[in-house]
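> Mind looking over this structure? Questions follow.
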Amino acid sequence: MLTVAMPKGRIFSEAIALLKKAGYDLPADLEDSRKLMIDVPDEQLRFILAKPMDVATYVEHGVADVGIAGKDVMLEEERDVYEILDLNISKCYLAVAGLPNSQVHDVAPRVATKYPNIASTYFREQGEQVEIIKLNGSVELAPLIGLAERIVDIVSTGRTLKENGLVELERIVEVTSRFIVNPVSYRLKNKAIDEMVERLSHVIERKGTSDEN
Amino acid sequence: MARLFMFEKPLGMRDTLPNVYKAKRVLRETMMNEIERWGYEFIETPTLEYYETVGAASAILDQQLFKLLDREGHTLVLRPDMTAPIARLAASKLYTEGCPLRLAYAANVFRAQQREGGRPAEFEQVGVECIGDGTMNADAEVISLMISALKKVGLCQFTVAIGHIGYVNALFFDILGNEKRVQTLRRFLYEKNYVGYREHVKSLSLSSIDQDRLLQLLTLRGGEEAIDRAEELTQTEAGFKAVSELKQLWANLQKYGVTEEIKIDLSLISHMSYYTGVLFEVYAEKVGFLLGNGGRYDELLEKFQRSSPATGFSVRLDRLMEAIAERKREEKRTCIIFSQERFSEAFTLAKEKREQGEHVVLQHIAGVRDMDRYTAMFDEVNYLLGKAGKDEPSC
């Protein structure tokens, strides 16, 4: 039995679609269920549904063997897990944004974000000293209300930024979902995991070539 | 900071309660007995060492060290592992050139935790170091001893993954040319970031053949055949040397009869710079983290001004405890409840039972207020109360 940690929300349906394409026979009601733990005995799989930010934590501690986590989570959490495959789904990127023509505070420029580690590493690499304010969501509010001049957040279509009158200032890094594996499971359950990796990479390659056509 | 409650402990520090203590002691002693049977001798080293020497030489990251200052202002560390202190001791005292030294330890080590629960900051390791023998026989011995000791404590489902840092470095140098580029690529493996590794390889201006060789490295996993595939990829002397070492190692491990537990994995990199040859990690079912690891560290003793090849393993007792869920039944505990006039009788009885190896508590009746609850804690209770000769029924 392989335990798969899945991210709830935006990535979930794309991830399920990918597994189905890879030939895993998953029940149709998987997406509507409110259960947090769902067994699929025919496929020898158990799914656990976690907050996207927590997927890597479950996998690192070994309570899930494998998981699907965004690159943003991997960068922010720096968990000791194998990052085996780029699933190429849920594409977006991390960016710095702010109000147009806003002045950055001279002494203590402030940055609000859900990703304090990524933000602080990024600004340090830019040679800029900033103060990070950690928020848990609706980060776009921060510059509007004057909590911070800039934000670091995920951008997928740019609509949220636009509707709140914010502009993208710098792009930090591209983000896609990754297939991650616990180091112990990678060795002890290598048969089932290698097979899953194999099947998933076939789907990704096929998708990759069809996208280009 | 709010005032501490009296029950609080520093982050990552744990108490060991009686039942856990017993189980731990059984594991420790079983492993120690097996290690001694292989001729290794146990030693102890100080809990505190200098940061500049042992602290800097150890394989543990700087931010994981507990540091403190002594009266002269020297920085001290709580030992983060046992390999560096043993290297210090061997280099300065015990090791005679040309005479392999076999040492072992069972000791607590300390690693500061910043993150979250589930990770103790102090835990016990049992391990060995074989110093002065640079042949593959030493590597095979250390790995086989580890497997043998783990089997002795009753661990059934476990795997040892074996890699070779010399092989990886040879392949990388051959293709990439300089240390800086080698290190960049090696870091992706160390961070277990295969996606980043592949992307980086594809971004390098290399022939498609060389790119493919680098990508193939990730697939060098499996049994003996993985070593043959590794041989096909390498083209340099250093690479062939590593392959022949792995072949020797495998042949030796076969003779030891332990290859069933072993998987070759040449993408395995446990540390950025510490190991110099064969390295390995051991994993067990039911434990999400590494159970133990080891490998060849031929450059460590040089840091203590004595150059010598060396190899060893260490196993974490806390994780071994998790892996072995089934505990043997504890010894029977007996309680003798006595009143003053029958003390000498009670003591004689206790002495007899203790001599037979039983665990016996001798308790004066006046010292117990809740007799029902107290006696419920024991497997057997004997009452020696009232005038001598009037024996109460024991239950």
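Heads up, the Cβ atoms here are built off N, Cα and C, so glycines get one too.
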> TrEMBL has B:Asp81, B:Met82, B:Thr83, B:Gln125, B:Glu129, B:Tyr274, B:Tyr275 binding L-histidine. Which one of B:Arg71, B:Arg111, B:Arg115, B:Arg306 is in the same site?
B:Arg111
> Would you count the other C-beta atoms found within 10 angstroms of the C-beta of B:Tyr274 (L-histidine binding site) for me?
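Summing over all protein chains shown, B:Tyr274 (L-histidine binding site) has 19 other Cβ atoms within 10 Å.
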> Look up B:Gln125 (L-histidine binding site) in the DSSP assignment and report helix, strand or coil.
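In three-state terms, B:Gln125 (L-histidine binding site) counts as strand.
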> Secondary structure at B:Thr83 (L-histidine binding site) (DSSP, helix/strand/coil)?
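The residue in question, B:Thr83 (L-histidine binding site), is helix (DSSP, three-state).
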> Of these binding-site residues, B:Thr83, B:Gln125, which scores lowest on Cβ atoms within 10 Å?
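Fewest other Cβ atoms within 10 Å, among the binding-site residues B:Thr83, B:Gln125, is found for B:Gln125.
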> I need the least crowded one of these binding-site residues (B:Asp81, B:Met82, B:Tyr275), counting other C-beta atoms within 10 angstroms of each C-beta.
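With the binding-site residues B:Asp81, B:Met82, B:Tyr275, fewest surrounding Cβ atoms within 10 Å: B:Asp81.
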> In this structure, which of the binding-site residues B:Arg111, B:Glu129 has the fewest other Cβ atoms within 10 Å of its Cβ?
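It is B:Arg111 that, of the binding-site residues B:Arg111, B:Glu129, has the fewest other Cβ atoms within 10 Å.
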